[in-house]
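Novice: Take a look at this one; I'll ask things after.
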Amino acid sequence: MTRHIRHAGFFCALLLVALLVNAARVQVVQAPAYDRNPANRRPDITRYEQPRGDILVGGRPVTGSKDTREHLRYERTYTDGPLYAPVTGFASQLYGTTLLEHSEDGILSGSDPMLAPFPLWNDFTRSRNPGGDVVTTLDPDAQRAAYQGLAGRKGAVAALEPSTGRILALVSTPSYDPQPLSGNGAAASRAWKRLNADRDRPMLNRAVRQTYPPGSTFKVVTLAAALDAGVVKDLDAPTDSPDPYTLPGTRTRLSNASRGCADASLREAFTLSCNTVFAKLGVEVGVTDMTATAHAFGFNNGDLRIPFPAARSTFDTTVDQAQLALSSIGQYNTRATPLQMAMVAAAVANGGQVREPYLVERTVRSGGSILATAGSRAIRQAMYPSTAVRLRALMREVVEDGTGRRAAIRGARVGGKTGTAQHGRHNSSTPYAWFISWAQGDRDLAPRVAVAVVVEDAEADRGDISGGGDAAPIARAVMEAVLKKERDRLPGS
Amino acid sequence: MSKAGITVATADPPAPAVRRLPRRRGIELALIVLAVLLSVYGYCAVGLARDGTVPPGAAGYGAGLGVLALLAHLAVRLRAPHADPLLLPIGVLLNGLGLVLIYRLDLETPGDRAAPAQLVWSTLGVALFILVVLLLRDHRVLQRYTYVCVVAALVLLTLPILFPAVNGARIWIRIAGFSIQPGEFAKVLLAVFFAAYLAANRNALACTGRRIWKLQLPTGRVLGPIVAVWLVSVGVLILERDLGTSLLFFGLFVVLLYVATGRTGWIAVGLLLAALGAVAVGRLEPHVHGRIETWLHPFASIEAGEGANQLAQSLFAFAEGGLLGTGLGLGHSVFIGFAVKSDFILATAGEELGFAGLSAVFLLYGLLVERGYRAGLALREPFGRLLAVGLASLVALQVFVIAGGVTGLIPLTGMAMPFLAQGGSSVVTNWAIVALLVRVSDSARRQYDGPGTP
């Protein structure tokens, strides 16, 4: 019997070993897979257990966290939701995160290992760091000026500091308040449904995620390519341009909104915004040089992160002559985000150098110590400095006595370019009104701000007058806001 | 026999050859104090983790548990001074840990407080422990009640059929607001019956009957009760949909049969019958079939878009625990929902104490079982041996069935984790088991203590 008791005891020991081995399998080997299972709510609970870090604009947080005492404890709040929605995005317990809330989520939620006081500290203690803050480059006054200037019309504004690439304003209207999406209740899903069903698409970030035909504002690129390629030597020499211009290889005749474009000099043509002259100029530059310059400005680059991805602005490189002619005046397949056109204006203002735009000045731990600062960014020379000087002069003329007079600011040098982009079938839709510009206070060493404004449903008739009429005052308000504040500062300091 | 024994004893001088075992009651007391302190520490840890303060009832809880444990210790000191010193402290520690876990889960379910009732049941359990230790002077007395035991067990087992099913299983009876699980009490009675019956008939089972090929089958007269018990356990399975209990009975029966007769053929027959029963029920009974499907594919309901089922939530809880656990009071095992304080209590232990804590709990059970087996090995008369092995195996099988179930090792069957789980009947029964083991181990070790006591 003793032997059999020992056997039975051995069997019980076997059961114990089986339990221990299986427990190790579940708790150690399989644990990471179980943690990742979408039905496991623990990662969400940990995530929302602590207040989320804040996004700061002008030194003040524009976000907050609300303690709901529910399972998913902290919910995101926004102090100026619609104003900053194109920057912050939303942080929803149901629908995830977007824009800065998404690309800086590791810092904000505290999961980024960089936040740990020592390497592997968190893995060891199973603790989570308090969320860090994200300090943006935005200028609250410029942002507000842009938002109020658009006044709820469909459109977008992007403003940059040309010498650094800091994004000073990023506005898209109609906007939305991200706060109702923060929670996980029925109210959040109702808000989600309503925003998605809205025909004005308020959650679309028009400043960086939507491309528009840039229209006449693209003539800055065309002219830069022509000057760099040496196609044009003298801006005041008459160009041998007919009005109307028959697109090469077709019978389509291109005409102008303004008079006096036949054989106009490039200076006149730029100020009057003659389509015929620039279409012909583009064809003379040729697709290779046009493409090179467009690429240098940032067209066809799908990898731009500010830090959330910007939509790819396009300049079609497989075109015939007629298509090239249209492309050169910002039509056909030429499309740009407002941010891209702000980069064009900034390149002109910054001596031909394109600075990659960025939105995050620095990230800080909750204690205030700096985690990371915006490092040096890639610089591209989009045109010769001499070309930039000539373009700056031309753009100033547009504001001083051309189509962009409404952008003029007392006590500052302002350069600009209007644009009206036709779109829709047979160009029948209401055109987009564009204005791109830069401004330099009289006491400034260099231009401080470059702006691009697009208004989708401009009310005026076709013609550059709408770009100057609708978009230019908004650009002026933004530039004034920036100049007023920074008058006593050196650029980039 | 006894006469001869006495003559032998008087003929020899007081034998120096006989080993004197230390009684080790002091060690038992020290371990009990440690167990109580550990439980109070756990109780405080929950409060500190949740609110940052020691819960107000900590002193009272510690005092209550301490007094209960001390009374039990005094009873052992008085009437079973040779008993194994580990049995009682293990019971106290597991019971204390169970109370901590239930108290901790009560914080998540403010509408359903189970800890106070569990404390009352624990008191009853310890009271029963003391009663058994004080009143049952010799375990062999139980042999006289073999058939009373089996009749009582069968009555208790069949009683719940008269009551409505709760969550798919008819294993509860409700009297005056209390839910009682009579099957729990039946376990001990059946263990006593099996031990007594097999001790009396082991020779007939082992040596008589027809021989077919290599299997030695017993005669029908001896086999009859065994087949009857098999039928009853399958009956329980079908009528009460209680897979766990029938599995437990079966395992217990097969183990005891093997220990009593030493015939592997018995195990073959037992396993064959069990397999037949399990396959038939698994095919025919949708409730059981569903359990098997869930065991094979714990995440199927997630993929079907119906959310995580209990087993999946349990696995998530264990996984969250990892190596060291989240810490008491900081897990989310409450997602398991129904039965989180009873059948799934181990998930809370696994999540908040980690693999380390869970292993410690398993090893505590392992130690308890080992002490039971050791008592069985030390004894010389077959009933005591079979009783000790039976009770210890009961604990081992029950722990395996439910712990294996909630960790996905075997199909889940509803059953209470001994001492840890919420459930009055279970706690009381387990204290009775520990009391019987204390009694048996006392007999086992007393025989070495002085000359002349066989």
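From the backbone N, Cα and C atoms, a Cβ is placed for every residue, glycine too.
Dumping what TrEMBL says about this protein:
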type	residues	note
TRANSMEM	B:29-48	transmembrane segment
TRANSMEM	B:54-74	transmembrane segment
TRANSMEM	B:86-105	transmembrane segment
TRANSMEM	B:117-136	transmembrane segment
TRANSMEM	B:145-165	transmembrane segment
TRANSMEM	B:185-201	transmembrane segment
TRANSMEM	B:222-239	transmembrane segment
TRANSMEM	B:266-284	transmembrane segment
TRANSMEM	B:344-365	transmembrane segment
TRANSMEM	B:386-410	transmembrane segment
TRANSMEM	B:416-438	transmembrane segment
Novice: Rank B:54-74, B:145-165, B:266-284, B:344-365 by Cβ pairs under 8 Å to the transmembrane segment (B:86-105) and hand me the top one.
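Specialist: If we count Cβ pairs closer than 8 Å to the transmembrane segment (B:86-105), B:344-365 scores highest.
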Novice: Counting only residues 6+ away from its ends, which parts of the chain sit with a Cβ under 8 Å from the transmembrane segment (B:185-201)?
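Specialist: Residues 142-143, 145-147, 149-150, 152-154, 156-157, 222, 225, 229, 245, 248-249, 252-253, 256-257, 260-261, 381-383, 386-387, 390-391, 394, 425, 428-429, 432-433, 436 contact the transmembrane segment (B:185-201) from elsewhere in the chain.
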Novice: Determine which recorded stretch among B:29-48, B:54-74, B:145-165, B:344-365, B:416-438 has the most C-beta pairs below 8 angstroms with the transmembrane segment (B:117-136).
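Specialist: Ranking B:29-48, B:54-74, B:145-165, B:344-365, B:416-438 by Cβ pairs under 8 Å to the transmembrane segment (B:117-136) puts B:416-438 first.
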Novice: What else in the chain is close to the transmembrane segment (B:54-74), if you only count residues 6 or more beyond its ends and a Cβ gap under 8 Å?
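Specialist: Sequence-distant neighbours of the transmembrane segment (B:54-74): 25, 28-29, 32-33, 35-37, 39-40, 43-44, 46-48, 88, 92, 95-96, 99, 119, 122-123, 126, 129-130, 133.
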Novice: Checking distant contacts: for the transmembrane segment (B:416-438), what same-chain residues at least six beyond its ends satisfy Cβ-Cβ under 8 A?
Specialist: 76, 80, 83-84, 87-88, 90-91, 94-95, 97-98, 101-102, 114, 117-118, 120-122, 124-126, 128-133, 136, 139, 178-182, 184-185, 187-188, 341-343, 345-346, 349, 361, 365, 368, 371-372, 375, 387-388, 391-392, 394-395, 398-399, 402-403
